[in-house]
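Q: Per Swiss-Prot, active site, proton acceptor is recorded for Asp313. Per Swiss-Prot, ATP binding site is recorded for Leu198, Gly199, Glu200, Gly201, Thr202, Tyr203, Ala204, Thr205, Val206, Lys221. Swiss-Prot lists 110-123 with the feature compositional bias 'Polar residues'. Summarising the annotation, Swiss-Prot assigns domain 'Protein kinase' to 192-473. If you look up Swiss-Prot, you'll see Ser9, Ser80, Ser92, Ser105, Ser137, Ser146, Ser165, Ser180 marked as phosphoserine. Marked as region 'Disordered' by Swiss-Prot: 31-55, 103-123.
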Amino acid sequence: MKKFKRRLSLTLRGSQTIDESLSELAEQMTIEESSSKDNEPIVKNGRPPTSHSMHSFLHQYTGSFKKPPLRRPHSVIGGSLGSFMAMPRNGSRLDIVHENLKMGSDGESDQASGTSSDEVQSPTGVCLRNRIHRRISMEDLNKRLSLPADIRIPDGYLEKLQISSPPFDQPMSRRSRRASLSEIGFGKMETYIKLEKLGEGTYATVYKGRSKLTENLVALKEIRLEHEEGAPCTAIREVSLLKDLKHANIVTLHDIVHTDKSLTLVFEYLDKDLKQYMDDCGSIMSMHNVKLFLYQILRGLAYCHRRKVLHRDLKPQNLLINERGELKLADFGLARAKSVPTKTYSNEVVTLWYRPPDVLLGSSEYSTQIDMWGVGCIFFEMASGRPLFPGSTVEDELHLIFRLLGTPSQETWPGVSSNDEFKNYNFPKYKPQPLINHAPRLDSEGIELITKFLQYESKKRAPAEEAMKHVYFRSLGPRIHALPESVSIFSLKEIQLQKDPGFRNSSYPETGVFVINHFTCRS
């Protein structure tokens, strides 16, 4: 052992001490929490921690070098330390040079956690080839943290990041990302300025606000938390779904601020909803604009339905529109992720005028086609300027539906004759009326499409994905179907809003509309 200790001490002598080598290692590891105190040195006085054996200490810093050590007979020194002493040496240093390794020490490849860097150093001073970091730019940071392009970073943040951050080509842990976002200002109420109150509902109050990070307007949906009940289930649903829905035709959830008393959802701010847009047009919209809005509704729904998410509360008040004409689905408070097989859901889910007849008659098992009936009703309303089925009660709503589309029979709607609620109402035997008589501005292709939505049997309703390919949209051109999900249809030069014939204002007003708990709030 004396001979071994002497050889070990000679090996550890170099231009750098163990503390210096480990400090270099620490500089390249990901900082987990930006607000945490400085890490204590791993090694004190050049000795390994007493809780670890010499073998485990050496193995910690040499075991992941990827170059297997040469083996000597165990009788020379001993099996536990032979692998270390047998490694080739150049003078007093280990002859090891790190490449930009792609395999982490935990056995994972590029997906290795950002909390433990692959740039592991030997306790003896080892010069790394990639020690020098290139300067971090705003573009790097935006890409790294998925930030908005117009964000304003706090003064000095980039300089601090330059000193403390690991190389940007390494993976980043969720914990590190949260810490970085928090330091920038996300998740903090002081980042947002309340400008005015837009409205108040049962659980939430909505404010028009401004972000200090981007100087953009935002909608602050402040949900009150009751200590006895916690967050309303509608709020939990909305957050859990929206955080995973990233699409050009779905309202963007920018941030979540959680305090003891409230949960604030920070949304992008849009100027108005479809209901007010139609009101401003005097209920006479350009048929070209009707087509553009309908396509965007279908595009957003198709994205949701591919992910087994049902909106369940489609109505003009839940469709927000900005000055450019971009339409976005909003208010996912009643939305629900649909599992397979289909589960039973609440019977009270959709605003009465846009509720499909199967739900009105008590059906509680449904699929993505539940949303398509509402699409047909909204399509008609945009084209004609009036609601299709403005019933005041469930019976009145069904009466209006049957009077236009004909009272269903066992032939037109299998199973309806055995429905108890249908039998109890005892509706007159209405014959179907031609839809063109009620929506004369729709061409034959539009009538064909709306008929595909207004089917009694839910499984016969045209899915959103299929409807987008209908010949009715042929005039929009082929390129609109190839757009990435996050890209607006208005990025195409051939796609533009036209002036609506009945539009009463010469300029687009800033009205500030946002929807909470089925209550439309306007500034």
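Each residue, glycine too, has its Cβ placed from N, Cα and C.
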Q: Can you tell me the mean pLDDT for the domain 'Protein kinase' (192-473)?
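A: Per the prediction, mean pLDDT sits at 88 for the domain 'Protein kinase' (192-473).
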Q: For Ala204 (ATP binding site), just count the other CB atoms lying within 10 A of its CB, please.
A: 25
Q: If one measures from the C-alpha of Glu200 (ATP binding site) to the C-alpha of Asp313 (active site, proton acceptor), what distance in angstrom results, rounded to a whole number?
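A: Pair distance, Cα basis, whole Å: 19 Å.
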Q: Helix, strand or coil by DSSP: which one applies to Leu198 (ATP binding site)?
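A: DSSP assigns Leu198 (ATP binding site) to strand.
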Q: So, three-state DSSP: helix, strand or coil for Val206 (ATP binding site)?
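A: The residue in question, Val206 (ATP binding site), is strand (DSSP, three-state).
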Q: How many other Cβ atoms sit within 10 Å of the Cβ of Asp313 (active site, proton acceptor)?
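A: There are 23 such Cβ atoms around Asp313 (active site, proton acceptor).
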Q: Taking just the CA atoms, what is the gap between Ala204 (ATP binding site) and Asp313 (active site, proton acceptor) in Å?
A: 18
Q: Let me know the DSSP-derived helix, strand or coil state of Asp313 (active site, proton acceptor), please.
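A: For Asp313 (active site, proton acceptor) - judged by DSSP and reduced to three states - the answer is coil.
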Q: Roughly how many angstrom lie between the C-alpha atoms of Asp313 (active site, proton acceptor) and Val206 (ATP binding site)?
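A: The Cα atom of Asp313 (active site, proton acceptor) is 19 Å away from the Cα atom of Val206 (ATP binding site).
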